[in-house]
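All remarks here apply to the structure that follows.
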Amino acid sequence: MKRYSQDLQVLSQAASNAAQKAGQLISNYTTKELTVKNKTGGDSLASQVVTEVDLMAQEMILESLAEVTQNYDLGTLGEESPDNHERFEKDYFWCIDPMDGTLAFIKQQHGYAVSIGLVSKAGEPVIGVIYDPMTQTMYQAVKGQGAFRNGQKWTVAIPADTPLHLISDTSFQDHALFETSLEALEAISKKLGYHGFQTRFQGGAALNACWVLEQAPACYFKYAKEEPGGGSLWDYAASACIYQEAQAWVSDMHGQPLDLNRSDSTFMNHRGILYATDEKLAQELIALSKKVNHS
C-alpha cells in the first residue's frame, strides 16, 4: 500500500460497510427456521456447526469487498471456505468470520457478530471490524489510528468498586480446569483489589472480546491444548487489532503476540489466547496458566 494510513482508512470503511450488510442479512433470518449442518472443525460444538446464513453472509462480505480486494491485491481467508493459502502469498489478507457465535444465533441469544480483520503476511492485525447485529453496535480499529465504538473513540476505563468479570464461551464450563480456574480468579480478584468476581458464558469469541472491554476489569482466555480447536485465526484477527488500539492486553497464554498467520493450521489451540483489560490482570492469568499446566 503506497499511502499506508489513507489506504487503511479506505479498507476499514469497506470492511465496516460489508459487516453492516452481512449483519442486516443475519437479522433478517432471526425469526426464520434454520437448516443447521455439521462441518469438519475443532473439538467443540461451536466449531462444528454451520447454517445457510453463515454461508450467505460470507458470500455477501466477499462480494462487498471484491473491488478493494482486487485494487489492493489482497488475499482472503474465510471461515466458510477452504484455506487457499493466499495469506502466505499476499502482503495482506482479509480474515473473515461471517457469523461468529453461530450457536448463540441458533439459540436466538445475544452473542453472535460479524468479524472482519485485515492481517499482514507477518501475522500483524492492521484493521479490525466487529459488528453486533442485535444491538447494531460497530467496534472498529485501524493500526495507529485508535479504536472506536459506534464512531466514538474507545479506550479502557476501569471503574472503582467493581467486580472482576470472566467472560467466555459456554464450552469453558466443561473444561477440566474450570473449577480450578474459578477459584484462582476469585483469589486474583482479591489480590488486585477488585470487588468480587462474576462470570458470563454466552457469546462467541468476537463479542466476548468486546464485552471484556465494556465490563472492565475483565478477561477472556483459552488455555493451550494439543487437540485442534481453541478458536481460529478469523475468531481473533479483528479483536486483536481493536485491543491493541484500545491500549488493552491481547496475547497468547505465554504472553507473546497472537500468531495470526500460523503456517501449519488455522486453529489457535497450540498457544491459547488471552484478552484482558490491563497488564496486571494479564500477568496473573499467564502465571495461572503456567501453574495449572505444570501441576
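Placed from the backbone N, Cα and C atoms, the Cβ positions cover glycine too.
The Mg(2+) binding site feature in TrEMBL is assigned to GLU79, ASP97, ASP100, ASP235. Proximity of ASP235 (Mg(2+) binding site) to non-local residues of its own chain (separation of 6 or more, Cβ distance below 8 Å) is seen for ASP97, ASP100, SER115, GLY204, ALA205, ALA206, MET268, given in sequence order.
Those residues of the chain, other than GLU79, ASP97, ASP100, ASP235, with a C-beta within 8 angstroms of the mean position of the Mg(2+) site C-beta atoms are ILE96, PRO98, MET99, SER115, GLY204, ALA205, ALA206, GLY231, SER232, TRP234.
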